[in-house]
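Following: one structure in structure tokens, then a few remarks.
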Amino acid sequence: MNYLFKDGRYMNEEGKIVATDLLVQDGKIAKVAENITADNAEVIDVNGKLIAPGLVDVHVHLREPGGEHKETIETGTLAAAKGGFTTICAMPNTRPVPDCREHMEDLQNRIKEKAHVNVLPYGAITVRQAGSEMTDFETLKELGAFAFTDDGVGVQDASMMLAAMKRAAKLNMAVVAHCEENTLINKGCVHEGKFSEKHGLNGIPSVCESVHIARDILLAEAADCHYHVCHVSTKGSVRVIRDAKRAGIKVTAEVTPHHLVLCEDDIPSADPNFKMNPPLRGKEDHAALIEGLLDGTIDMIATDHAPHTAEEKAQGIERAPFGITGFETAFPLLYTNLVKKGIITLEQLIQFLTEKPADTFGLEAGRLKEGRTADITIIDLEQEEEIDPTTFLSKGKNTPFAGWKCQGWPVMTIVGGKIAWQKESALV
């Protein structure tokens with residue numbers, strides 16, 4: 001099916017939002033211009049809505065295989081499509097871990113069979129993510145590994161991390177890291193700060209993250225490796241990454257929507273839906289994340305979509321697993337709380353969710369260019385809705401944002417020229 005989207009707006013190559021039509025033919029973007037006509041295409045009047053590149057998320061947890069009670073490739077990718085994401089990168093903390101040919105082939109077959117959006121799987125750095133034996137990077141790359149990470153745990157052994165970075169560098173691949181120094185975690189369930197003190201909870205100190213990042217940055221410099229830092233959350237981490245970039249070290253970084261919108265002061269009670277790792281930090285950390293995003297220290301936004309069951313989250317803040325679901329709330333949360341408040345521009349938000357992650361990892365995604373695969377998201381910037389977890393397509397309903405009123409909701413998502421999801425009656 002060919003589609004002609006009429007009367008839309010998009011961000012052009014100069015970074016300006018302008019009026020446009022867009023023609024999709026044979027799964028590709030055939031033309032982006034005003035006043036397009038086509039005889040062999042279904043016309044969809046978007047009535048002034050935003051035509052954006054399909055969103056790109058380099059940090060997601062789909063749980064399959066092994067955690068299908070939390071999420072599946074099918075439910076997770078449907079949720080991604082509803083959130084406007086057309087390319088997502090799946091972390092390897094599944095069971096089994098994609099750490100060898102057999103496991104990666106099985107995962108890729110599942111993706112091919114079930115996924116509603118483009119899914120790029122990470123390969124594990126170490127066997128079973130146990131930190132003691134390196135995986136076969138060459139084989140995992142051959143089978144389509146996006147990059148290498150043990151996300152969910154930090155690689156504690158410096159010699160292992162250095163060896164991994166050297167091998168990844170030879171393959172022109174990135175090492176991606178969840179950064180925690182295990183000796184400083186302190187069995188914490190929240191940030192070590194005012195909230196932990198008030199509620200008598202063990203806290204995770206900020207330095208637990210930043211000291212690990214500092215170590216890895218020096219290792220990346222020694223290995224001449226592209227090193228990407230997951231979900232930055234502290235002022236110290238931002239400072240270390242900024243200094244590394246100024247020194248010419250190949251480091252990039254991401255931040256989550258929840259760390260841009262919330263800090264520990266926003267946690268109303270010991271609610272496990274506010275429990276994520278890294279935890280919500282202090283006000284100064286929150287301000288540093290915004291500053292880092294604006295000055296280029298932090299390169300992109302990634303959701304860290306981490307679904308869990310209601311039963312798991314009901315165990316209380318100390319025992320419940322870390323993580324919140326993120327696909328279906330990301331854009332409206334960021335648009336409402338950053339763009340509408342004048343903190344960043346709409347153009348910047350689009351870049352942080354599309355071309356920045358795509359360019360960082362060399363993906364042919366993130367831009368509406370003629371000849372490229374038609375991965376497109378239509379967004380109604382005027383539509384206001386209340387976040388209602390019962391409507392999520394994800395199995396995970398675990399969100400701290402229930403009841404928040406937000407503007408800027410995706411209404412249609414196109415993947416490879418085909419409609420992957422659309423809001424009923426939104427485009428008529």
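Glycine too: its Cβ is placed from the backbone N, Cα and C atoms.
From the candidate list His226, His231, His258, the residue Swiss-Prot records in the Zn(2+) 2 site shared with Asp151, His178 is His231. When the candidates Asp295, Asp299, Asp304 are compared with the Zn(2+) 1 site entry in Swiss-Prot, which names His59, His61, Asp151, the shared residue is Asp304. Just one of Asn35, Asn93, Asn109 is listed by Swiss-Prot for the same substrate site as His61, Leu62, Arg63, Asn277, His308, Phe322, Gly323, and that one is Asn93.
Listed in sequence order, the residues of the same chain lying 6 or more apart from Gly323 (substrate binding site) and placing their CB within less than 8 Å of its CB are His61, Lys275, Met276, Asn277, Asp304, Ala306, Pro307, His308, Asn398. Farthest C-alpha pair in the substrate-binding residues His61, Leu62, Arg63, Asn93, Asn277, His308, Phe322, Gly323: 17 Å apart. According to DSSP, His59 (Zn(2+) 1 binding site) is assigned to a strand segment. Of all the binding-site residues in the list His59, Asp151, His178, His231, the shortest Cα-Cα distance to Asn93 (substrate binding site) is found for Asp151. The binding-site residues listed here (His59, Leu62, Arg63, Phe322) include His59 as those with a Cα within 10 A of the Cα of His231 (Zn(2+) 2 binding site).
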